[in-house]
Amino acid sequence: MPPQLQNGLNLSAKVVQGSLDSLPQAVRKFLENNAELCQPDHIHICDGSEEENGRLLGQMEEEGILRRLKKYDNCWLALTDPRDVARIGSKTVIVTQEQRDTVPIPKTGLSQLGRWMSEEDFEKALNARFPGCMKGRTMYVIPFSMGPLGSPLSKIGIELTDSPYVVASMRIMTRMGTPVLEALGDGEFVKCLHSVGCPLPLQKPLVNNWPCNPELTLIAHLPDRREIISFGSGYGGNSLLGKKCFALRMASRLAKEEGWLAEHMLILGITNPEGEKKYLAAAFPSACGKTNLAMMNPSLPGWKVECVGDDIAWMKFDAQGHLRAINPENGFFGVAPGTSVKTNPNAIKTIQKNTIFTNVAETSDGGVYWEGIDEPLASGVTITSWKNKEWSPEDGEPCAHPNSRFCTPASQCPIIDAAWESPEGVPIEGIIFGGRRPAGVPLVYEALSWQHGVFVGAAMRSEATAAAEHKGKIIMHDPFAMRPFFGYNFGKYLAHWLSMAQHPAAKLPKIFHVNWFRKDKEGKFLWPGFGENSRVLEWMFNRIDGKAGAKLTPIGYIPKEDALNLKGLGHINVMELFSISKEFWEKEVEDIEKYLEDQVNADLPCEIEREILALKQRISQM
């Protein structure tokens with residue numbers, strides 16, 4: 001941020017909504033400093049009201065940023081510049097004094113566990129980008145709460161942005177507006193600054209009326225100063241700073257300091273036919289089915305799944321030793337392709353109104369369309385692709401971008417959990433890790449202990465996804481599904497997880513690993529997935545209660561024969577689904593050991609080294 005300026009600045013920007021005098025002093029100072037730096041024409045303090053939202057949506061429609069989808073109620077479509085479609089790991093940095101605070105120093109090459117930038121380089125980058133970057137535009141002031149307003153687990157942020165798309169999306173994804181300022185008072189807040197980096201008048205014409213500045217895109221986190229600064233991208237993960245930037249990168253660092261966990265996890269409630277309920281949290285990399293699992297329709301009669309959150313969990317042990325979790329978000333920012341009545345009926349019901357779609361295709365009758373939507377088109381209805389061109393299946397390219405999104409209010413989900421906004425959070429009894437593994441990894445196994453479970457999280461690997469800019473089908477290490485989101489050194493993060501076992505009175509959740517994606521020799525999935533995954537959750541539920549049978553294997557406990565309820569399923573090759581090959585696991589543990597030794601190096605906790613050795617030994621005795 002620029003040098004602290006005197007209070008009561010003579011701002012050239014005109015305040016068009018709200019009043020500077022109504023702001024807490026620290027918020028006002030933050031706003032004035034950055035208005036001086038970015039030089040917007042107008043300042044708009046967001047109140048979060050319906051009326052304000054309607055006005056902004058109408059304004060974006062006039063400017064061609066959004067199109068109204070007339071088939072649904074208050075739904076909108078944004079098509080971005082094709083250069084601004086995903087999170088960009090290579091341009092996302094954490095700024096600390098010492099590199100080792102941010103990433104372990106790897107043995108060879110570059111760290112894959114985050115990108116560090118020095119304070120000097122960041123100051124240069126800031127000064128090359130932000131002065132005058134909002135000329136001709138409005139600076140919106142967004143007061144937002146991550147988590148239910150007033151929950152002891154919640155945190156408040158203020159985002160300054162020149163993008164009305166960000167304002168409308170943040171209103172869905174967070175609790176936003178005047179009530180947040182009232183709750184904040186003189187309290188602490190995370191300072192978020194965002195600009196699309198396109199001052200007016202424009203130097204070159206926009207693509208799709210979507211302002212962005214891909215050449216200069218930078219997303220920076222300054223954990224010591226509680227600041228997030230993002231430039232040049234309008235895409236959700238880079239511009240909705242409450243999401244990954246605050247709720248994971250910044251929050252994981254706060255959690256380390258304050259003794260809690262901020263994780264890339266869904267939270268679901270599952271109730272058995274007897275009416276007993278448990279809450280589980282699950283970490284999968286992006287596009288591995290977190291949203292589908294969180295909103296599952298169980299195929300097992302009498303079982304019920306309810307959704308607390310589909311992406312992020314903030315968890316803290318309470319005085320009784322229960323791990324309590326809240327969903328810090330207020331909406332779902334879900335990947336659209338592959339979402340259908342078959343794969344996720346509850347998501348389809350959620351997105352029928354008050355939803356902003358980005359980079360999906362549009363039908364000529366004012367609806368949305370994407371790969372895997374599985375809905376026949378009415379005769380005569382045509383499709384316009386996310387590239388704004390007439391589209392037909394013969395074109396040989398997808399109609400929707402693989403990372404196209406829906407941004408929709410969580411309260412609209414038909415199976416939202418009754419306690420989803422409970423200020424004290426819900427008690428987590430099981431933690432699930434998982435990834436997309438076509439070979440070698442069984443459908444489900446249970447960790448042998450908390451320490452072993454932390455190792456299982458550290459060893460997570462998955463086929464690459466569309467949510468980041470990587471292409472192709474390679475198996476990537478994605479520890480805890482947090483690889484793109486660590487806010488500090490991953491070795492210290494592992495030590496923090498291990499330290500939870502020292503918490504007095506802690507009732508440690510059981511830890512499981514799942515793989516819905518194992519394939520047979522013909523390349524067909526061995527497990528039907530989706531609602532049938534409730535059968536795996538049933539086994540976990542009963543394991544937590546000490547009821548279900550399990551068989552000890554070198555990698556953990558797997559269901560005993562007949563312990564997994566397969567009633568009503570066609571033929572399932574259980575042998576192949578649960579087979580554990582010595583050859584595969586020798587290679588797997590070698591890859592994991594090499595990765596952790598290389599990437600975490602001197603910061604790898606000795607408990608994790610012990611788990612690697614113990615696993616090697618168990619495999620050698622197979």
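The backbone N, Cα and C atoms fix where each Cβ goes, and this holds for glycine too.
What Swiss-Prot annotates here:
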- S19: phosphoserine (MOD_RES)
- K70: N6-acetyllysine (MOD_RES)
- K71: N6-acetyllysine (MOD_RES)
- R87, Y235, G236, G237, S286, N403, S404, R405: substrate binding site (BINDING)
- S90: phosphoserine (MOD_RES)
- K91: N6-acetyllysine (MOD_RES)
- S118: phosphoserine (MOD_RES)
- T178: phosphothreonine (MOD_RES)
- K244, H264, D311: Mn(2+) binding site (BINDING)
- S286: phosphoserine (MOD_RES)
- A287, C288, G289, K290, T291, N292, R405, R436, F530, G531, E532, N533: GTP binding site (BINDING)
- C288: active site (ACT_SITE)
- 457-487: region 'Omega-loop' (REGION)
- K473: N6-acetyllysine (MOD_RES)
- K521: N6-acetyllysine (MOD_RES)
- K524: N6-acetyllysine (MOD_RES)
- K594: N6-acetyllysine (MOD_RES)
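Relative to H264 (Mn(2+) binding site), the recorded positions with Cα atoms inside 10 Å are S286, the candidates having been R87, S90, S286. Recorded residues S19 (phosphoserine) and K594 (N6-acetyllysine) have their alpha carbons 57 Å apart, per Cα-Cα distance. Note: the Mn(2+) site is recorded as K244, H264, D311; in the same chain, K243, A247, L248, S286, I312, A481, F485 also have Cβ atoms within 8 Å of that site's Cβ centroid.
Nearest by CA distance to R87 (substrate binding site), out of the recorded positions K70, K244, G289, K524, is K244.
Reduced to three states, the DSSP call for K524 (N6-acetyllysine) is coil. Neighbour density at the Cβ, taken as the number of other Cβ atoms within 10 Å, is lowest among the recorded positions K71, H264 for K71. In the three-state DSSP reading, R405 (substrate binding site) counts as strand.
Largest Cα-Cα distance over the residues recorded as binding substrate, namely R87, Y235, G236, G237, S286, N403, S404, R405, equals 16 Å. The recorded positions S90, K91, S118, T291, K521, F530 include none with a CA atom within 10 A of the CA of G237 (substrate binding site). Here the recorded positions are S19, S286, T291, and the one ringed by the most other CB atoms within 10 angstroms is T291. Of the listed recorded positions R405, K594, the Cβ environment within 10 Å is emptiest of other Cβ atoms at K594.
Put simply, the residue listed as 'active site' is 21 Å from K521 (N6-acetyllysine) when counted between their Cα atoms. Ranking the binding-site residues Y235, F530 by other CB atoms within 10 A of the CB puts F530 at the bottom. Minimal Cβ crowding within 10 Å, among the recorded positions A287, C288, is found at A287. For the recorded positions K70, K91, T178, T291, a Cα to Cα distance of within 10 angstroms from N403 (substrate binding site) holds for none. K473 (N6-acetyllysine) has C288 as its nearest neighbour among the recorded positions K244, C288, T291, R405, going by CA to CA distance.
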